[in-house]
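Annotated features, as they stand in TrEMBL:
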type: ACT_SITE; residues: 362; note: active site, proton donor
type: ACT_SITE; residues: 393; note: active site
type: ACT_SITE; residues: 528; note: active site
Ligand code: F6P
């Protein structure tokens, strides 16, 4: 171990003390009913109030001692210094030798941030100016397609980080979209995605944005080539068609122009922007400014920047992404809960879970630490989710009475649309939604005892005593199921940006404490490499597959034969 190597976090005193604390929790399981009764201040003590976001973690299985130990773990891991290092442009992505500066993409001032001696802020601002100009030209009709028709359809082709973050933001902000503009995303190489997303579109009114940091990703290149053919089939085999109807967001200018795209219509970003952290770069700026107008994209950046500042400046004890990340660590590593349910009570947040899945699971699903040493504890968690109330009618049964899965509830006080009205006998849609947002965490936390069930059944007077006793165990809710509640005023571009940054920072807090590199993704490479070999087989020797194991060989032969083989 070289002198600058840190002790693995699970070998530190802080970790050991948390282990002991967890043991105490195991021997005397937290009873949230008692915790609330014993401490009338619990709700305010275990929550953070800010101008734009309220975070209540009072229903988590933590007490003062646990929180103190978690903050001490964060300090032991050097969390404050690591956060500073990230914002200042140090090359903390060690396996790729890169800085990690997605925060620079939304910086609201002009404070220099240096990478290799060069201030990156002027370049960031220059790209944004170019995006604004381009999207304004499309909206004003100054920039049109081959036939002079205005662009009505924006089709963004990209996958992974070149898709999920922008799609989350597009859905979150759909209520703010420019009239008459359609934005669709094509990500999957399954031709169904392209075919269905373009079936009702007129190529003359369609503008494709090819989003790929590397401009080599197989799925994206396949979809991009198909888009080029689709355009040419209708608009003519003329290089001008691609120049007018296809633009790119990439770091690979040479490949972009080889594809036929006018380099003037390429929007750049930099190797210090990781794919899953790139929604605030041109990756999101181009499709979202076209869809929402540049001014709304600017609001997204402002919201993210607000959270960035909170993350950078708030003390650990009052820092929302830090607390959320530390509680995740408590749940994962000390209580043994390896899943997290993301439950937004806002239909427009329907793509928050898929985006968070990439940010969390691609970043933190690692087997070694930054020094290459195997980690002896779980890194990462399985994140899944659905907007409420839909999830309630799907998987909530399991989280109420089956497995214990820590849950995050997210809601806005005000809806994006006023639907229905409140009266003495009925509430509007938003209040109806929020009834559930308020009720579900309590059901999880406080449950329903056998005595309460019994009392309820007796008062209903429908069953005899034996029948009641038979039913009681089925209707008991154990309670003590941890959850947090996040509340915003309204889902707007600003708060959508804020939630984007919250997702990113919460993830890196965990990576920093665990001592892993949250910014590389070598785990996605092997499958890609094997895919290349399979493609070669498809191209070269369809009747005599070589080099496959018996299982893959049998599947391959069925595909080649075009039918299931007996
Ligand atoms: O899935 C691996 C990955 O490299 C992601 O990290 C990235 O977001 C995605 O592929 C797309 O990469 P690109 O933007 O280079 O097409």
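Each Cβ is built from the backbone N, Cα and C atoms, and glycine gets one as well.
Where the annotation comes from TrEMBL, it is an automatic prediction and has not been curated.
Counting every protein chain shown, the Cβ of residue 393 (active site) has 10 other Cβ atoms within 10 Å. Counting in whole angstrom, residue 362 (active site, proton donor) lies 29 from residue 393 (active site) by their C-alpha atoms. Reported as a whole number, the C-alpha separation between residue 393 (active site) and residue 528 (active site) equals 37 Å. Shown in sequence order, 218 are the residues of the chain, 6+ apart in sequence, with a C-beta less than 8 angstroms from the C-beta of residue 528 (active site). With a 10 A radius on its CB, residue 362 (active site, proton donor) counts 23 other CB atoms from all the protein chains.
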